[in-house]
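Have a look at the structure below before the remarks.
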Amino acid sequence: MATLLLQQAINALTVGAIYALIALGYTMVYGVLRLINFAHSEMFTAGAFVAVFAASLLGGVAGHPGVALAAGFATFLAIGFLGVAVETVAYRPLRGTSRLAPMLSALGMAVVIQNVVMLVGGRRPLIYPSFLPRGVFQIAGAVVTYKQITILAVALVLMVGLELLVSRTSLGVKIRAVAESAETASLVGINPNLPIALIFFVGPGLGAVAGILYASYYGVATFSMGFIIGMKAFTAAILGGIGSIPGAVLGGLLLGFIETFATAWMPALTHGLIGTEYRDIFAFSVLVIILLFRPAGLLGEHVSEETMVYKRDF
Amino acid sequence: MIPMALMPIAVIVFGQFLPAYPLRILDLVLLYAMLGLGLNIVVGYAGLLDLGYVAFYAIGAYTYALLASPQFDLHLPFLLVLLIGAGLAALAGVLLGIPVLRLRGDYLAIVTLGFGEIIRVLMNNLDGLTNGPQGIARIDEAVIFGWHLSTPLDYLYLLVVLVVLTFLFVWRLQESSLGIALAAVREDQDAARGCGIDTTGVKLVAFATSATIGGIGGVVFASMQQFVSPESFTFWESLSIVLVVVVGGLGNPFGVILGAALLVVMPELLRAYADYRQLLYGIALVLIILARPMGLIRREYGPSWLVRRMTRA
Amino acid sequence: MRTVTLISTAALLVGLSSAARADIVIGSAGPLTNSESLFGTTWMNGMELAIRQANDAGGVGGQKLVFQREDDGGDPKQGTLVAQKQCDNTSMLAVIANFNSGVTIPSSDVYHRCGMPQVTNSSNPKVTKAGYPNLFRPIANDLSQGAAPAEYALKTLGAKKAAIVHDKQAFGQGVAEVFQDVFKKGGGTVTSFSGVAQTDVDFSALLTTIKNENPDVIYFGGIMPAIGLFVKQAREFGITAKVFGADSAFTPDFIQGAGPENAEGAIVSFQAPPYDSSPQLQEFAKTYKAAFKEDPGPYSAYGYMEAQVVINGMKAAGASITRATIVPAIAKSDFDSIVGHVSFQPNGELTKPFIFLYTVKNGKFELLK
């Protein structure tokens, strides 16, 4: 029993770390622009596909662990620049118009990116070469794969790096200033475009890495895989308190645990009444309940409408 | 008033000359116009983002599918089910609204999104009731006072009537004291509360009214399609209706109708491009929003504006 | 304003849909841009191959055949629109549509109203329930597809206990229910019957339960990539029960996705004999690869055969080839296709549905019976 719980906890942690990486992209964009960036889920998918392409240029991931690392880094850059390009083309011209316009423009971009991935990367499920080391070991009877350890390590490094960037660097100060109030920030001479561009570089980059980890973990990537997982990661971001970086991490991990444990135990607890087919809505149900008690998410500050960048929502 | 009254007549006359395929597209335009007008109450008038509107649409559609099909061998009359479906959707709107309306901004959006998904997953999983993923087939066609609706043209008449009624209703709503209260909530919730407006109360009414219209749309959809299954009620469907409202013009009934026409017709025109169809649709969407971020027709130029223009001229 | 817009768009649409042609048009509708677009595209490629070959051989009655693909997005609402569009096109004399049962059920009503000969690839038993005389299904429906593996498990493998998993979709749940019925009737015990979300990629929770049930066989009603992941994770969990899958797993992608060592021994049902089992099928696979620069998809051979059904119907329709004359001609179909013998019952189902069981051996599919 204890072994089983430990095993499930390890699985939950792995899935949760991936959710958290994607959730970071949603939460950073939202924190600064109050924008639900629907295109983010497709950065995740595009990342998985671009990485395979990059690795094949370098001679395939099977050859040398350095190839996986180099391809991963190249993908981070490529998708980061894609994110900046999307922001420049599809969101920046809409800044200051209405809040719904950029959200739907993002939706349009999501359709565009997904279809480009489909047309270029193909419709067949891509049998994914593992970017992660193989092998297993045991902790107290529970099986842990090197894949899982690597995923957790990569996620941890990226999250700490991001936190340092935001809290310790002058760019981070600018990001926080713009998030607090774009108007006030520009009064003290901060051009909001630079921190916003940085956010649209880092967020999609992290999403792309999450895409590589996810596809390597499950061994398959499809052009349409981003939508559902993106929706869940966004839920995670809200759960933790949107706009908050630690909140996104907490929300992602929590979501991983909720899904894993609810799917494992609900069928038994409810005598099969609620089976695994309800997996996709466990997260939402928990979200609804949490928001009813904490309307700003777990770690979110309760901001009044006044502090938002655009006070008039619609 | 006269040019407005002429529009539905023109649509009906025009419908007489259309082959069945464009006629079906026109039916769909009107159905989405109706849904858009309904959602517009919440998004356009009250300024709340509802990303789960499809839930009410699904409730209406499944109500008709269960009460007028071989599923339980019930064959209740169309108008009766229309009332039941509208009532159930309104009830769902209130039940969802009470707990969530105190949430602000996008927290509301994500909870409504969750609600939409929960309803869809329930429809997919409650096999005994809804037949699960197999859907419910051979649903009765609508019969209204002995008039048996069967062809796309029959449904055009029904939909024109419904869109006109919805249009008049939302226009009067916008001009009523409730509409003014909603506008106050949209502009500044705290100030509205300061003026003595029961903000939660008016939001709840907006939510329920909007849900009712969605439910009616669902009943009509089920009778038109004669088949319902969960895949017709995905999150994408909710987004499509939000698109109709925002692309058309938030808070403007004319805009919503135009938005519905554009967003239903565009994918059909893109059929010729096969594999690139969705890609082009996405590009067009972004371009339209970039060109008209406040919608095709801005809020100010609504029916009241038109009436003022006409009477002054 | 609104009326003007409507008139102009409608005028455009009329213009598009009534492009006059002297040739005979054969239409098709299926998913081309959503997550199932791989199946839709390769299925239609198969049709196109048959139509090209017919044209090379001189067409039908001296007329050339033109093939038109439509995307229904797997969406019932779009399916009826496409059906109406194809009905309105007077030079279109037959359709091969749709791929998803949930789309075929509402669209068949529209096709029926305009008397369009419709050949479908949707396998849900409900599809033919409406009794439309213009609707034909030249493939085994879910009843045969679910029954054959159940009988094999009971009789040949002597299995007593089965765990059943499905993806909560019309197809997956449909075949899984048939498997369950047949297995129970044959004296077997079903230890669990569970649904998973269609988009699931992580089955660890369910597999933990199944491992404790210790079944002899596991039936998975679902499509790729889920079934590949399921088999892979089952083996990683140390579950050794024989796994059965339905037709969409009949692709090298399944063996690759699960990993050849995990897929070994899995049994998959499919409506066609293997591509290397007869010279005709070998020829088909070769021509397909030459034409489309990739291996045929799981449904390509069906698409090819279904187009043949239509073309043969047109050839047998007599002097005047119309929708009305093609329907009875298709009903009288009686020929050997590359996948099996085609002839129809009055309800449009195959007289003798063909279903084959395959097992994975040394990383390749091998015919079982």
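Including glycine, each Cβ sits where the backbone N, Cα and C put it.
Curation plays no part in TrEMBL annotations; they are all automatic predictions.
Feature annotations, courtesy of TrEMBL:
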type	residues	note
TRANSMEM	A:12-36	transmembrane segment
TRANSMEM	A:43-62	transmembrane segment
TRANSMEM	A:68-91	transmembrane segment
TRANSMEM	A:103-123	transmembrane segment
TRANSMEM	A:143-166	transmembrane segment
TRANSMEM	A:196-217	transmembrane segment
TRANSMEM	A:249-269	transmembrane segment
TRANSMEM	A:281-300	transmembrane segment
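Contact between the transmembrane segment (A:43-62) and the transmembrane segment (A:103-123) is supported by 3 or more Cβ pairs under 8 Å, counting only residues 6 or more apart in sequence. Only sequence-distant pairs (6 or more apart) were considered; of these, fewer than three Cβ pairs between the transmembrane segment (A:12-36) and the transmembrane segment (A:281-300) are under 8 A, so the stretches are not in contact.
Tallying C-beta pairs under 8 angstroms between the transmembrane segment (A:196-217) and each of A:68-91, A:103-123, A:143-166, A:249-269 places A:68-91 first. Using a Cβ-Cβ cut-off under 8 Å and counting only residues 6 or more beyond its ends in the same chain, the transmembrane segment (A:249-269) has close neighbours at 8-9, 11-24, 159, 232-233, 235-241, 275-276, 278-279, 282-283, 286, 297-299.
Non-local neighbours of the transmembrane segment (A:68-91) in the same chain are 33, 35, 39, 43, 46-47, 50-51, 54-55, 58, 61, 102, 105-106, 108-109, 113, 131-132, 196-197, 200-209, 212; each lies 6+ residues outside the stretch with a CB under 8 Å from one of its CB atoms.
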